[in-house]
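To keep things clear, I will list the structure first and then write my remarks on it.
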Amino acid sequence: MTSASGSSTPPAPATGAEEGQTWRATQEQREGAVDLAPLLSGSNPWTVTQASAGSLRNRAVLQCDRERFSVDPEAVDRLFLELCASEALLVGVGSGLSFAAGYDYGGAVFARFFADFIARYHFSDMYRGGFHQFSSPEEHWAYWSRLILLACYHEPPGTTCSKLVRLLAGRDAFVFTTNVDHCLARAGVPEERLFAIQGDFGLWQCSRACHPKTYVNEAQVRRMVAEQRNGRIPSDLVPYCPVCAAPMCMNLRGGHPFVEDEAWEKACTRYQEFLEHIEGKRVLYLLLGIGDNTPTIIRTPLCRMARANPRSFIASISLEDRGHALAGTAVEDDPDLAGRCLHLQADIDLVLDLLLKRQEQKR
Ligand SMILES: [Zn+2]
């Protein structure tokens, strides 16, 4: 419907295609409401946003269910004894540790900085939204640049990772993780004691993996966030491989050939060397926040190692119940592991506090 030309009367209500335009206008208004400036400022959007939203969602979960997540002090005592008695520690870290530190991908921060994408695609959380097939690279990188900046270049609000570092200080320990968010390295886990097997939010690679190199993305990511409009970055910011001109992609395992660059290969070698070094020793295998996403990477091999080493002990801490946390590992049915296996269904941050307190008291 076209309005009568030359008429001074207001146009008739829109129908058909014009209704679509009305809807788009509303959408653009919504998109316009997403203020990305706090992502680029010096203050931490995780801390500010979650504090203004009341509290961390994970803390709220714990507070709502005190009984279920209360920590058994005897179990913490047992874990502390094993920690002190161990000659070496192999710590397997999953997403539950980052969640305990305050990286809540589905909470107030997601609602605030992804309101336009949520309105458009009904994403339930930041990470899952990343798997969406966006209509253009400009839209893809508008989404991913916000995600990378939040998950890689801003600290989580909690100090859980630093607590783990304090607990491991002076011990013969190695950390093996599926997390890709830099938290552990930033908190001070030494490079030579850390293997992030699944990649890194802070790195790009060629999507064809035409050469075994990764690229730090921080400067480009900041520009993408600063210069995007209506959920799209300018076309000239879309990254392409400097060798073969294919699109660049995240250096994350899954969906495309994964580049294992020199740093990754070195970390992998150090991990293998650590496994040889602890063979037959009194080892504490500690699983922190391991979920069900990729059980075969950390949970299954660590349980297998524990079973094979009669001097070892295996402990897990997560919000999952025991059956869920150790699912598929058969540790509970294994007589060889009787008395050498412990699961704490609890907040990792709280358990680390209790272990550090015991460590202080011991000194
Ligand atoms: Zn290439």
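Cβ atoms are placed via backbone N, Cα and C, with glycine included.
Annotations in TrEMBL come from automatic prediction, not curation.
Marked as compositional bias 'Low complexity' by TrEMBL: 1-20.
The annotation region 'Disordered' is assigned in TrEMBL to 1-29.
Residues annotated as domain 'Deacetylase sirtuin-type' in TrEMBL: 66-362.
The secondary structure of C249 (Zn(2+) binding site), as reduced to three states from DSSP, is extended strand. Taken from TrEMBL, the feature Zn(2+) binding site covers C206, C210, C241, C249.
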* Asked: Which one of these binding-site residues has the most other Cβ atoms within 10 Å of its own Cβ: C206, C241, C249?
  -> C206
* To do: Report the binding-site residues (C206, C210, C241, C249) that meet this criterion: Cβ distance to the nearest atom of ligand 1 under 6 Å. Use sequence order and write none if nothing qualifies.
  => C206, C210, C241
* Apart from C206, C210, C241, C249, which residues in this chain have a Cβ no more than 8 Å from the mean position of the Cβ atoms of those residues at the Zn(2+) site? -> Q205, S207, R208, A209, H211, V243, C244, A246, P247, M248, V259
